[in-house]
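Enquirer: Sharing a structure below in structure tokens format, with a few things to ask.
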Amino acid sequence: MAAAPGARLLRAACASVAFRGLDCRRLLVCGTRAGPAVPQWTPSPHTLAEAGPGRPLSVSARARSSSEDKVTVHFKNRDGETLTTKGKVGDSLLDVVIENNLDIDGFGACEGTLACSTCHLIFEDHIYEKLDAITDEENDMLDLAFGLTNRSRLGCQVCLTKAMDNMTVRVPEAVADVRQSVDMSKNS
């Protein structure tokens, strides 16, 4: 059975609310309606102030980025092949992989909801040093990632900036999805 239209957006919104330390039930308080529509939720000014600055939902980042500012990103996949593509400033690296249909097996299995570590990437030192601070939630997921390094981050939590133009990120040789067993094969 297919998910109702907007279900992915609702899951992402729930993850964003949880990411900011708020109670996810606030999104679902209005209950279900007849038909496939997802309930509307409008945050109060207090809720917005409580949320504070944080990484926007990937969907919001795309909507906000009205200009076509793009940066080039090089992904070194598990086979050692370099996949070069462009992404919009403000999009997450997970968005870039999905929107450009890059051949990275199993990447982003949870669709950016911080429920797995399949979008684990390893950054160059000079780029890693400039990334926003890592959250406790992301750190918890990274603890379960295969091939963790001191320059590891989740692609769903890193948004592109102009300073990242022409960066190279490496995909670890194996994937550890906390929802499943570890996949040690390069081409599963």
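A Cβ is built for glycine as well, from the same backbone N, Cα and C atoms used for every other residue.
So Swiss-Prot says this about it:
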TRANSIT   1-64  transit peptide
MOD_RES   S67  phosphoserine
DOMAIN    69-175  domain '2Fe-2S ferredoxin-type'
MOD_RES   K70  N6-acetyllysine
MOD_RES   K70  N6-succinyllysine
BINDING   C110, C116, C119, C156  [2Fe-2S] cluster binding site
MOD_RES   K162  N6-succinyllysine
MOD_RES   S181  phosphoserine
Enquirer: Give me the DSSP three-state residue breakdown of the domain '2Fe-2S ferredoxin-type' (69-175), ordered helix, strand, coil.
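Expert: Secondary-structure breakdown of the domain '2Fe-2S ferredoxin-type' (69-175): 24 helix, 27 strand, 56 coil.
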Enquirer: Listed recorded positions are C116, C119, K162; which of them have CA atoms within 10 A of the CA of the residue listed as 'N6-acetyllysine'?
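Expert: Within 10 Å Cα-Cα: K162.
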Enquirer: Express the distance between the Cα positions of C110 ([2Fe-2S] cluster binding site) and K162 (N6-succinyllysine) as a whole number of Å.
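Expert: If we compare the Cα positions of C110 ([2Fe-2S] cluster binding site) and K162 (N6-succinyllysine), the gap is 27 Å.
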Enquirer: Which of K70, K162 (the modified residues) has the most other Cβ atoms within 10 Å?
Expert: K70
Enquirer: Around the recorded [2Fe-2S] cluster site, report the further residues of that chain (criterion: Cβ within 8 Å of the mean position of the Cβ atoms of C110, C116, C119, C156; site residues excluded), sequence-ordered.
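Expert: Neighbours found: L94, G108, A109, E111, G112, T113, L114, A115, S117, T118, M141, L154, G155.
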Enquirer: What does the structure give for the C-alpha distance between K162 (N6-succinyllysine) and C116 ([2Fe-2S] cluster binding site)? Integer Å is fine.
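Expert: Rounded to a whole number, the Cα-Cα distance is 27 Å.
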Enquirer: Averaging the per-residue pLDDT over the domain '2Fe-2S ferredoxin-type' (69-175), what integer do you get?
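Expert: Averaged over the domain '2Fe-2S ferredoxin-type' (69-175), the predicted model reaches a pLDDT of 95.
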Enquirer: On a simple 10 Å Cβ count over all chains shown, which one of the binding-site residues C116, C156 is most densely packed?
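Expert: In terms of Cβ crowding, the pick is C156.
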Enquirer: Who sits close to C119 ([2Fe-2S] cluster binding site): which same-chain residues at least 6 apart have their Cβ under 8 Å from its Cβ?
Expert: L93, L94, V97, F107, G108, G112, L154, G155, C156
